[in-house]
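According to Swiss-Prot, the features are:
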{"type": "SIGNAL", "residues": "1-26", "note": "signal peptide"}
{"type": "DOMAIN", "residues": "39-592", "note": "domain 'PLA2c'"}
{"type": "CARBOHYD", "residues": "56", "note": "N-linked glycosylation site"}
{"type": "CARBOHYD", "residues": "82", "note": "N-linked glycosylation site"}
{"type": "CARBOHYD", "residues": "129", "note": "N-linked glycosylation site"}
{"type": "CARBOHYD", "residues": "166", "note": "N-linked glycosylation site"}
{"type": "CARBOHYD", "residues": "221", "note": "N-linked glycosylation site"}
{"type": "CARBOHYD", "residues": "313", "note": "N-linked glycosylation site"}
{"type": "CARBOHYD", "residues": "351", "note": "N-linked glycosylation site"}
{"type": "CARBOHYD", "residues": "495", "note": "N-linked glycosylation site"}
{"type": "CARBOHYD", "residues": "519", "note": "N-linked glycosylation site"}
{"type": "CARBOHYD", "residues": "547", "note": "N-linked glycosylation site"}
{"type": "CARBOHYD", "residues": "588", "note": "N-linked glycosylation site"}
{"type": "CARBOHYD", "residues": "614", "note": "N-linked glycosylation site"}
{"type": "LIPID", "residues": "659", "note": "GPI-anchor amidated asparagine"}
């Protein structure tokens, strides 16, 4: 239902000017990638205990509730228009003047590189009133009714792009796709942005290298994540100077569209890694970045810091130099690029026998140093949580004792759909739309692993105090086809009373093929305009059950899911149509644990042991994101070379690093960029 419109030069020009003026008020104090010193109150404390949401978030929610109340009433009225009687439930939710009766909606978009960014964009477009056709033929208005929007890795590229471009719409991105400096111009890889113009590519990488080197020369630790984030940003903020070189994540709080609560509350998710280790599991500390704070609800930290002043040298939240703070460290590209999963997955490919031997030798030597020096992760130094006292006494103080904080992609703990910030009891979310674009299986489709791991986390030490509804094992997900269509989990709160608290109902929206083979490789770093539009269109169809052709009543069922928690809490009679919906979409506890055949088995992307190259040679497999659907010849030919997905079968690396330093030398900044470029070119990722 998404239709491309003719490019409009005047609109594009006005948009570019507005972005420039907006960014001018949100720039780093140094007007560059380098953080700078700013004044702050002498008595300021930048860290708080995670006992509740922040005062800033609470004040923002009061505004947002007024906005979502109007939008949600309109959406539910349309969704239940064909119901026999929905007046009682709607009257109770909206006419009592009690905001606590208002269902609180959240959307979480998984990681998965550009595959997830584009497919997730289609899902959000289907929920957005601003999308052509979404109000009449989609779930238009649902996004306007949403309070929280979280993303991990590729999902965060989507969330960050929309939020930091003044809450632009996917429709607007589509309308301007043929213009110069258009958002998400993926025609050429971020590695070779000039295409055949090698001078443009060289200039881009020179700018990136200079930016990272300038940060390093200012005595800040840098890593490949800095280079990666800078490279990515040019596709997210093309109208801004050098891809928003000074644009900060905290600038979202200064945008009028956010201040007026006219957009959801954006959240980026990352995983912490204990100094001296390389293992990520369910006990990893999960961090979130929102417009006001970054930190973790987990008992291993239990703290939040003011995201605007990251980079400030503190002890227990107090700046070591009173009255002076650091700003600009929270560079938008850096936070959106706080990811190493894509690096780790692509780096495994260097064992491929088709690479020149000198490249293989060089890469192995380089990657060994990377792993030991932590250059494969994002380094937040100085540590904003240095010497904090809020963590649970049962946990090691490794995080708060360290001078640096080390973060990796939020999906490296196998919880690729970033729901953890949304299931916190303090946020009181009623329903989560979980958009899963993971490549869990051989053909790069999801198998529910992320939800399974989140469910399991509540029973390990780190998950104490959290709740998540019951979900089946991954074999059941696949055998019952739950990974190919929308499924509701946790439909009946009466069956969840043995959990810590009643968790949100989860509407699972897995990536599936409707009009396009959207199971593209995470290593596919370029998409033609036609492919981008097709990926987004397919995402629209995922959210709408193929434009409601698979189920004309699906919008009504979404409405039933939204009101379910409040309906049960308030003891309101459900419309009979909702009972039919729940029978059709709620998982009823049925299991089918029959093992999957080898051709379908899972390919879980665990942390890679880059020091064991010899033992892992031969383990890599070339896997194909194949499709039975016929595509146009141009689409097929342009994507076939990028459809290989590597197998991540290496064991978890538990050996401690011998060197905890994380500072790239002056010469290695440019060398790192060159290595990244060379490896990606030879591995076919470009």
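Backbone N, Cα and C define each Cβ position, glycine as well.
Positions of Swiss-Prot features highlighted on the structure.
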residue: 56; record: N-linked glycosylation site; Cβ neighbours (10 Å): 14
residue: 82; record: N-linked glycosylation site; Cβ neighbours (10 Å): 12
residue: 129; record: N-linked glycosylation site; Cβ neighbours (10 Å): 19
residue: 166; record: N-linked glycosylation site; Cβ neighbours (10 Å): 17
residue: 221; record: N-linked glycosylation site; Cβ neighbours (10 Å): 21
residue: 313; record: N-linked glycosylation site; Cβ neighbours (10 Å): 16
residue: 495; record: N-linked glycosylation site; Cβ neighbours (10 Å): 12
residue: 519; record: N-linked glycosylation site; Cβ neighbours (10 Å): 24
residue: 547; record: N-linked glycosylation site; Cβ neighbours (10 Å): 19
residue: 588; record: N-linked glycosylation site; Cβ neighbours (10 Å): 8
Measure from the CA atom of residue 166 (N-linked glycosylation site) to the CA atom of residue 56 (N-linked glycosylation site) and give the result in Å, rounded to a whole number. 20
Compared by Cα position, which of the glycosylation sites 221, 547, 588 is the closest one to residue 519 (N-linked glycosylation site)? 547
To the nearest Å, how far is the Cα of residue 495 (N-linked glycosylation site) from the Cα of residue 588 (N-linked glycosylation site)? 11
Give the distance between the Cα atoms of residue 221 (N-linked glycosylation site) and residue 313 (N-linked glycosylation site), rounded to the nearest whole Å. 13
Return the average pLDDT for the domain 'PLA2c' (39-592) as a whole number. 92
I'd like to confirm something. Which of the glycosylation sites, 129, 166, 547, 588, has a Cα closest to the Cα of residue 82 (N-linked glycosylation site)? 547
Measuring Cα to Cα, how many Å separate residue 166 (N-linked glycosylation site) from residue 129 (N-linked glycosylation site)? 16
I'm trying to understand the geometry here, so how far is the Cα atom of residue 588 (N-linked glycosylation site) from the Cα atom of residue 313 (N-linked glycosylation site), in Å to the nearest whole number? 52
Between residue 313 (N-linked glycosylation site) and residue 129 (N-linked glycosylation site), find the distance joining the two CA atoms and give it rounded to the nearest Å. 44
If you measure between the CA atoms of residue 547 (N-linked glycosylation site) and residue 129 (N-linked glycosylation site) and round to the nearest Å, you get 15
